[in-house]
Amino acid sequence: MTSDVAVPAPETAAANGHGEAHTTAGFGALTLGSIGVVYGDIGTSPLYAFREAVTAASSGTDGLATPAAVLGVLSLILWALIVVVTLKYVVILLRADNNGEGGTLALMALAQRAVGTGGATIVLLGIISGALFYGDAVITPALSVLSAIEGMKDVTLRFEPYIVPLTVIILVGLFAVQSRGTARVAAFFGPIMCVWFAVIAVAAIHPIIAQPQVLFALNPLYAVSFMLHHGIIGFVTLGAVFLAVTGAEALYADLGHFGKRPIQTAWLFIVLPSLALNYLGQGALVLGDPGAIESPFFQLFPQGWIRGAMVVLATAATVIASQAVITGAYSLTRQAIQLGLLPRFEIRHTSEAHSGQIFIPRINQLLLVAVVLLVLLFRSSSALASAYGISVTGTMVVTAMMGFVVIWKVWRWSPLAAAALIAPFLFLDLTFLAANLLKVFEGGWVPLALGALMIILMYTWRRGSRLLFEKSRKLEFPLADLVAMLEKRPPQRVPGTAVFLTSDPLSAPTALMHSLKHYKVLHEKNVILTIETAQTPRIDPAERVRLEQISPTFSKVTLKFGFMESPNVPKALAIARKLGWQFDIMSTSFFLSRRALKPAAHSGMPRWQDRLFISLSRSANDATDYFQIPSGRVVEVGTQVTI
């Protein structure tokens, strides 16, 4: 998911389709930024992935980490990094951008636009993918920070009772500072993660030299042999192996911030080599001492202050990884709101320089509660690891499906060629998903439950909004008929301009009808204002405004925003002024209708879903704030509607 922490020159990244930097300095800054934001999640996987995978592989040998298990698991991890991350994401999906933006909802919008009418399946896939990300956003901070703090017991066992409380304190602190924005600290993310990758790579060199046979794991036949000879245990192990590639979606999700080339360069020349070396180093350590599987990552470092310093560095790296996921949840929520999948939650901008720097209080509160509950419920990274993976594999499956549509419809490949390209990756993703589903009763139910809840919320909001729109259109008066009637028999006029917000430009806005009914007057100039969300991330300012004069008294104004943008009505209307519309904010009143919803006997949805939709509607942020309209110029008209 997109991670809207402050990054170097995001405008440059998004401005030219694939975000290619034009200068060496700009390219270097974007590459460094991508290391800090994009690769935090996958970069901290060595803390637990190898340990959990070898432990699963050794379940048939009384917990003894045999050389066959170690080499087989290593080979699976290395080739998962090559096939899933390098080939699927770095080589293929980074090319499937939506005007420079990546991520599942951007891909959904691109695929939906390509399919045209009848894209309901695409929308459903997008809803599933977005919903599953929230499960990932809850588990990643809990698992990452907990696994880092657990390194304290490798320094001294006296720290063990304080692991969970300290983890909770760090997580509460992390969520508490979100409202202040990340601009000040984000500049350090890249350098800290660069140090992280350098240290974990260097620490692995000595064990590899001591146990050079670990390099046999580079041969994919060891992975194949392990799967063929270990039956169900091998299949279960795949679920743990997948932990090594969680975070791969971030490569695609953050495409708009950094561009294709910086993300590819960082992966191929820094992140992948460092991860491969570290996993090989952990494998070499366990080959020499099978007992080291208890904590192979931290045992790469000498006992004493060096290991203690590594715990501190690991904690910093996991906080950075958590930050990227948290801000990704904010970004996903904004996209979902703009695409009509969630109600208008309050969105605060935490930076004047970067429009992507946002904070959503409601999401922050819900994530904090869920993350802390997870830590208190599972209490160890090994237990939490069982809950991880399902949401990420589900997202990857959906991404592969929508990627097929884009390759077929947008790239204009034949269906057979598109299927031939995507089918191997989809098969691999489905295999990983099946392996992770075996962990449902061990904790995998958590992301499934969270995902199911979000799917219900998104589907209910989308369905309810559509039913409400259709019902309102039947009840409302056609705008063209009303204008013709008012031109023939005009009521008393008052000076100034009235702007009526409506989602249906063909019908007379409810606020206009109530104004005529109760006040018996009409402004000199009346504007029917409609705000549309495009299937592209951003809209060129030159295409933002569409004006249509429908009578001497009435005109239509349509403002179009991308799904990555925060609507700012006054700023957009300033563009309309340049196009010739005489607009003065001080003589303009904005009329909005506020609906009080009541459940109807036959609404088209079950009774419980009616009540859920009404509850979501009440939680929506005020339209005045969401569209950034000056509150002193707003007149709200209340209406009651049954759905």
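Cβ coordinates come from backbone N, Cα and C, glycine included.
The transmembrane segment annotation in Swiss-Prot covers 23-43, 67-87, 119-139, 159-179, 185-205, 226-246, 267-287, 309-329, 358-378, 388-408, 415-435, 440-460.
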**Complete:** Listed stretches 119-139, 267-287, 309-329, 358-378, 388-408 vs the transmembrane segment (440-460), most Cβ pairs under 8 Å: range 119-139
**Message:** Are the transmembrane segment (358-378) and the transmembrane segment (119-139) close enough to be called in contact, which here means at least 3 C-beta pairs under 8 A that are separated by 6 or more residues?
**Reply:** yes
**Item:** the transmembrane segment (309-329) in contact with the transmembrane segment (415-435), cutoff 8 A, at least 3 CB pairs, sep 6+
**Value:** no
**Message:** Can you work out which residues elsewhere in the same chain, 6+ from the ends of the transmembrane segment (67-87), have a Cβ less than 8 Å from its Cβ atoms?
**Reply:** 42, 49-50, 53-54, 57-58, 61, 213-214, 216-223, 225-227, 229-230, 234, 237-238, 241-242, 244-245, 248, 251, 267-268, 272, 275-276, 279-280, 283, 286-287, 396, 425, 428-429
**Message:** Would you say the transmembrane segment (415-435) and the transmembrane segment (23-43) are touching, if the rule is that at least three C-beta pairs must lie under 8 angstroms and be 6 or more residues apart?
**Reply:** no
**Message:** Can you tell me which parts of the same chain pack against the transmembrane segment (415-435), counting only residues 6+ beyond its ends and a CB-CB cutoff under 8 A?
**Reply:** 83-84, 87-88, 92, 235-239, 242, 389-390, 393-394, 396-397, 400-401, 403-404, 407-408
**Item:** Surrounding residues of the transmembrane segment (388-408) on its own chain - C-beta under 8 Å, 6+ positions past either end
**Value:** 84, 88, 92-93, 96, 104, 107-108, 110-111, 114-115, 122, 125-126, 128-129, 132-133, 135-136, 139-140, 143, 239, 242-243, 246-249, 252, 414-415, 418-419, 421-422, 425-426, 429-430, 432-433, 436-437, 439-440, 444, 447-448, 450-451
